[in-house]
């Protein structure tokens, strides 16, 4: 009976009503459940009207024929109750026949079966994939300080032709080694690092910032930007070491992957601090708010910076989830077409797992319309990064070629951005 009551109700989709206003049964004043047979009624009056019409019942009022029907007395006078049903617009034409009820039941069952089949075929994030996502999220959070507090350890930014109040004035004591940051243990020397000879000791030792002057002059921002990039390299090494499967690679392949991808991952990560409002990277205070002019004062030109800003804008507009962002960084690092790799098949298998996880995550967790072609757009961003990487390499070589500039770079930069692949 409950099924028939549900299936013989017709919801009038053309009738709009305020959802905040209580819906009252037009027959007895009880709480209404919707439009039934063309009128707003409760379940009780709906069933009463349907039964009365099907039985073609004839009722007689034992009183004066004008009984006031309420929730409490609606069973006392069926005649006045039925009259009230008709008065508020309930129509027997809206009642389905037994054949119509059967057809509707079949349609509902068919729809439920189709929905169940569709749900069973919907991609689901496996336990293994979820574990991978969780590991990458933890790795990212351990190696990305959203407070940017370590930026105070860099050689200070010296900006030409800017308000002098924006410049940092700091005694040389800030360049001495202080207490390590919360996640610095990620980068300290470990048995694994010595076993594999991973880059040089500088990659795993506590990063020490040079006290080399931040005097105004040619490429005045280069010392600060060099420290920022070196710091970012340290963080990305820590992130890469925690990618599932990365440590399964031989040391030479780990080094080759990082040397080839690190600038691309820096560009990816920097998108978190990029603002569409003023096209700048804000890393905490105003002193660490970087615009294109700042990077030109570190030796780079618009051949790199114009497409870089375009890349940052496009990536920001994708509105990636943090899960998608960390997976994209891992996919970028684990690229089997990097130069100097010995076991490309293993790198490819790790990247395939990451890519599959990203596609599944998008299907399961990223609602439309944002998910439309999202995976393809993200992969295109990796292709854009290759072009940016190539241009960065050209400009870096020009900067590092001159001794007066290369002396402002860090040993880590000189090692990582060298053309030598082990």
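For all residues, glycine too, the Cβ spot is worked out from N, Cα and C.
Since this is a predicted model, take the numbers as computed values, not measurements.
Under the heading zinc finger, Swiss-Prot lists 25-45 (among others).
In terms of DSSP helix, strand and coil, the zinc finger (61-85) has 8 helix, 0 strand, 17 coil. Summarising the annotation, Swiss-Prot assigns zinc finger to 61-85 (among others).
Mean pLDDT across the region 'Hinge' (98-127) comes to 86 in this model. Residues or ranges marked as region 'Hinge' by Swiss-Prot on the basis of similarity to another entry: 98-127.
The annotation domain 'NR LBD' is assigned in Swiss-Prot to 128-418 on the grounds of sequence analysis.
Counting only residues at least six positions away in the same chain, the Cβ atoms of 266, 269 sit under 8 Å from the Cβ of residue 232 (calcitriol binding site). Among the features that Swiss-Prot reports, calcitriol binding site is placed at 232, 269, 273, 300, 392, with the record citing similarity to another entry.
Positions annotated as region 'Interaction with coactivator LXXLL motif' by Swiss-Prot: 241-259. Using DSSP to sort the residues of the region 'Interaction with coactivator LXXLL motif' (241-259) gives these counts of helix, strand and coil: 13 helix, 0 strand, 6 coil.
Within the set 232, 269, 273, 300, 392 that the record links to calcitriol, no two Cα atoms are more than 20 Å apart, and one pair reaches that distance. Outside the zinc finger (61-85), and at least 6 residues removed from its termini, the chain residues within Cβ reach (under 8 Å) are 25-30, 39, 41, 44-45, 48-49, 52.
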